[in-house]
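As written in Swiss-Prot, here are the features:
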type	residues	note
BINDING	Ser35, Gly36, His37, Asp55, Phe84, Asp105, Gln112	S-adenosyl-L-methionine binding site
Amino acid sequence: MTKEFHHVTVLLHETVDMLDIKPNGIYVDATLGGSGHSAYLLSKLSEQGHLYCFDQDQKAIDNAQVTLKSYIDKGQVTFIKDNFRHLKARLTALGVDEIDGILYDLGVSSPQLDERERGFSYKQDAPLDMRMDRQSLLTAYEVVNTYPFNDLVKIFFKYGEDKFSKQIARKIEQARAIKPIETTTELAELIKAAKPAKELKKKGHPAKQIFQAIRIEVNDELGAADESIQDAMELLALDGRISVITFHSLEDRLTKQLFKEASTVDVPKGLPLIPEDMKPTFELVSRKPILPSHSELTANKRAHSAKLRVAKKIRK
């Protein structure tokens, strides 16, 4: 793995092993990132198997061209530089209308967090950017400096679940009236200034939730995940599986709800037989989310909030 794209893969074996890999199968890594999951999955495929890898970050694909070279040379890998919300259309265009499994590792990859100029981190001074796709137009700068007060409050509450959303939005509104807010440090200091002193003594950085909220807005992360996971569930073959790693409650809630809707049946009480078209199409492989082991948590602090949910298609 190239030094500039160092990424420790979370829940590596659990995520891939629970896909119950068929050596000749067709699989998708919807979030290539540091290519850790892809490399492990490819090690389980025969030369007849194939993996399609999505990422909207060209650096992730460039890195994978090196780390997965032996599989690329055998024609087992296809890279697709795009947001995974376009997964179904892009696969269909390649003649793929059914897959045996897919995995998602949602959120920001370590290299994106560590690359100062990307503007994802409140711990490093950088321009307000936060774009996962460097070619997209909306940046954190636009959100912070142009969104109306009420829109900021809504985003901070909805995506950051921060109870001081109004106070923070007001502080931002006051500051940008004097001059634009240009850097992550400026924004982090404004967030700290908007919170009461006792709040600042609590564990964790006071800007964490607001930075998360802005990042989700800039990249439409939840909208993209919702669309993509639903499309992936449609594409799955019978007995195909989907693994989703989430890192915060909003992603986990979304995944849990989508899996629940597909794996439960809502029929009137007393109905003697469940109509065929009302039967569940999925079953949960694990009733509760799978969490990182103690040893993984010790080795990788970024794994602390990770949760893995897995579902299996039982009816087309």
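Cβ coordinates are placed from backbone N, Cα and C, and glycine is handled just like the others.
Taking the features listed in Swiss-Prot, we show where each one sits on the structure.
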| residue | record | CB count, 10 Å |
| --- | --- | --- |
| Ser35 | S-adenosyl-L-methionine binding site | 27 |
| Gly36 | S-adenosyl-L-methionine binding site | 20 |
| His37 | S-adenosyl-L-methionine binding site | 28 |
| Asp55 | S-adenosyl-L-methionine binding site | 26 |
| Phe84 | S-adenosyl-L-methionine binding site | 26 |
| Asp105 | S-adenosyl-L-methionine binding site | 26 |
